[in-house]
Each structure stands twice: as structure tokens, then as C-alpha cells.
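Structure record follows, encoded as C-alpha cells.
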Amino acid sequence: MTHSTDEQAIEPSGEPFATLEEIYVRARERLDADAWAVLDGGAGAEQTLRDNLAALRRWSFRPKYLSGVTNLITSTTFVGIDLAFPVLTAPIGGDGLFHERGQCETAAATAMAGIAPVISEASRFSLETVAAASDGPKVMQLHAWGEPDEFLALAQRACRAGYAALCVTIDCPTLGWRERAMSRRYLVPEEQWSGNYPATGASAAHRLISGFGSDWTWETLAQVRRRLEVPLLVKGVLTAEDAELAVGAGVDGIVVSNHGGRQLDCLPATMDQLPEVVDTVRGRVPVAVDGGIRRGSDVLKALALGADVVLVGRLTAMALAAGGAVALSAALRLLRAEFERSMLLAGRRSLKDIDRSMVRLSAAAAQ
């Protein structure tokens, strides 16, 4: 596989990529078949992967014209983190597959964009190395497995390194059944995801790979939360029941997620579940969402359905593959530009003006 460099992300004209599609195409050209199977594939028959994309297409906008919209306000604050626009990059495990500097490039690009990355625990690089890659705010993602003391040890390392918040992933007691990579007899090399584990330890990580599951419960999460001094997000919530349990456990934010269709297949699309979670939470904690978001108009749809912010994962990984921080910076600029253009065309000046009244199910979807 050929790793990307900043110089390779610039077109001969000297201009960055003109569209997000160009970035996706470049990523496909640069990655070998094994890495592409990991990035582009999902779990099982990949039904959830397809449904995430289809769910966004089912919604259309109800614009308000002659609204006097000029200067847009897109900045927001999420769990104490200031964002120039309501996007974070999602955690990417095995990041060294996509760029030789992995999430270090993500940290640099998000700082330039005025947003924050959620950094994966399963990284080629230690969390301290990624923290040092930029001065921007960062969120550290950890898994809900292993002994709580193992989790807390990593959490304390993240706090010492300056991470502004933590994000615990609850939908990954073991790896999903990922047939596209399995059909190639391919496992992500350990050096691409083990940067945060000691060379002779990694007991929690090996439990994950071996399929032993997790004995964590919501009470475990509540106990962990009480011992943390920074905000804690919970990622992987899809139902009203789990949303209520998450709030009861004391979390500071919820991420509606089906792991991008990479864990349990045949889960509902995140955009189909987002209103249920938002209506259950009723503003007690902020709600984020990921899954299938590929362009700025998708961001606007997610906010209209109730999300406070969105996370973008495959978009981030593809940009890293296309050209590291340079390509990811271009991707985030394009994502923001289309989001702002969509806001303007829909007649919404600020994030406060975005609500469920501005979207409707397409006629075909409503039948």
C-alpha cells in the first residue's frame, strides 16, 4: 500500500480537491485491496451500512425563502468544546492503514478547521503522541471492556495528556463479523492499532480480538463516570431504553451510532433512531450522531432531526488516505462550505433555526 503525503493531496493547478467525491476517488486509488476492504466494508451482509446511506436520502428539505438570511452563525459548544461548525471527526481504529501518521494528521487538520477529533484508543500511536500533534481540543475514545481499572488507567493518561473529554464505545464487546476483510484472509496488523497498549499486556485488546465479550453493565459505567473529572460521552446508543439508562448513569452526552454498520448487522439506520433518542433525552444531555454522513447537506439533515453535532468517520479515513492532513483539511472545508450553503438555501441563519419542521420524508419513503 502507498501512504499519502501532503504534497500528493495538491492538484497540479496548486488548488486542493474541488469536491468531496474527488477525495473519495483518490482514496480508492491509493489504498490497496486489504485496506479498502477494512475502510469501505461493513458487518455481515452490510445491510446496516447501506441503510445508513439510504436513510439520509429519504429526507428532503422544506425551505423558507425570502427569510432575510445573510450572515450565518454555525459555531457551537459541545460538552464544553468550542466548534467552528457542528462536526467532530469520529474515532478511527487501525489508523496507520490509511496514512503513515494516522490520527496525528487528524489532530492537525481538525485544529486548523476549528473543530475537535474523537481519537481512537485502537491507534497506531499512543494517545500522548496524538495529543502532541496539535494544540486543538481533543476527545479520547475508549472501549467498555476489560477491568474498570484498565479503563480508568487509560482515561487518566488521557486527562494528563490534555484531552477535553472522553467517549466510551458500548457497541463493541467484540469485533463485528466483517466478511469483506475475512474473505481476503486479512487481519489488521497489531502494530496498526496497539499503540496504547504495553507490548506484553493488552489484555483488554486481546479479549476484543478473541471474541470474549465484555462484562460491563450500566452500573459499571456509572461507577466509572463517578471517578472521572472530565465530560464523558457514550457512543453506540440506538434506543430510548438505552438513552434513558445512559442519562441515568450520569453521562454528559450521547452519540447515536451503529458503528457505521461495522458491528452488528441489520441494526436500524442511525437517522431512523435519532428522533427517538432525542425525544427521550429531552435536552438533558446533548446528542451527537454518526453513520452515513458524506456531505454538508447530510449534516443539515442530521441537525434537523435533532442532533446537536455530527461525527464523520469514513469521510475522515478516506481523506487521510487521499493525502493526510492536507486532504482532510480540504474535506472539512468542503463539508463546512456545503453545510453553510445548504443552510443559506434552506433559509436558516443559525443553528437555533434548524429544527424538524425543515425536513420531511420523501413521498416514496412515506408510502
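Glycine residues also receive a Cβ, built from the backbone N, Cα and C atoms like all the rest.
According to TrEMBL, the domain 'FMN hydroxy acid dehydrogenase' annotation covers 12-364.
When secondary structure is read from DSSP and collapsed to three states, Arg314 (FMN binding site) falls in the helix class. Residues or ranges marked as FMN binding site in TrEMBL: 91-93, Ser120, Gln141, Thr169, Lys235, Ser257, 290-294, 313-314.
Look at His259 (glyoxylate binding site): DSSP puts it in a helix. What TrEMBL lists as glyoxylate binding site is Arg178, His259, Arg262.
Long-range Cβ proximity for His259 (glyoxylate binding site), meaning a same-chain Cβ under 8 A and a gap of 6 or more residues, is found for Thr169, Asp171, Cys172, Gly176, Gly236. Here TrEMBL flags His259 as active site, proton acceptor.
Within the chain carrying the transmembrane segment (315-335), a Cβ under 8 angstroms from the stretch's Cβ atoms is held by residues 4-6, 8-10, 16-17, 19-20, 23-24, 26-27, 30-31, 35, 39, 87, 89-90, 92, 95, 98-99, 101-102, 105-106, 108-110, 112-113, 115, 117, 293-296, 299, all 6 or more beyond its ends. The transmembrane segment annotation in TrEMBL covers 315-335.
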List, in sequence order, the same-chain residues at least six positions removed whose CB sits under 8 Å from that of Gly292 (FMN binding site)?
Asn52, Leu53, Ala55, Leu56, Gly260, Ala269, Thr270, Met271, Asp298
Applying the rule Cβ within 8 Å of the centroid of the Cβ atoms of Arg178, His259, Arg262, what extra residues of the same chain belong around the glyoxylate site?
Gly41, Gly42, Ala43, Leu175, Gly176, Gly260, Gly261, Gln263
If one measures from the C-alpha of Arg178 (glyoxylate binding site) to the C-alpha of Asp290 (FMN binding site), what distance in angstrom results, rounded to a whole number?
19
Can you tell which of Pro91, Gly93 has the most other C-beta atoms within 10 Å, given these are the binding-site residues?
Pro91
Calculate the distance in Å between the alpha carbons (Cα) of Arg262 (glyoxylate binding site) and Gly93 (FMN binding site), and round it to a whole number.
12
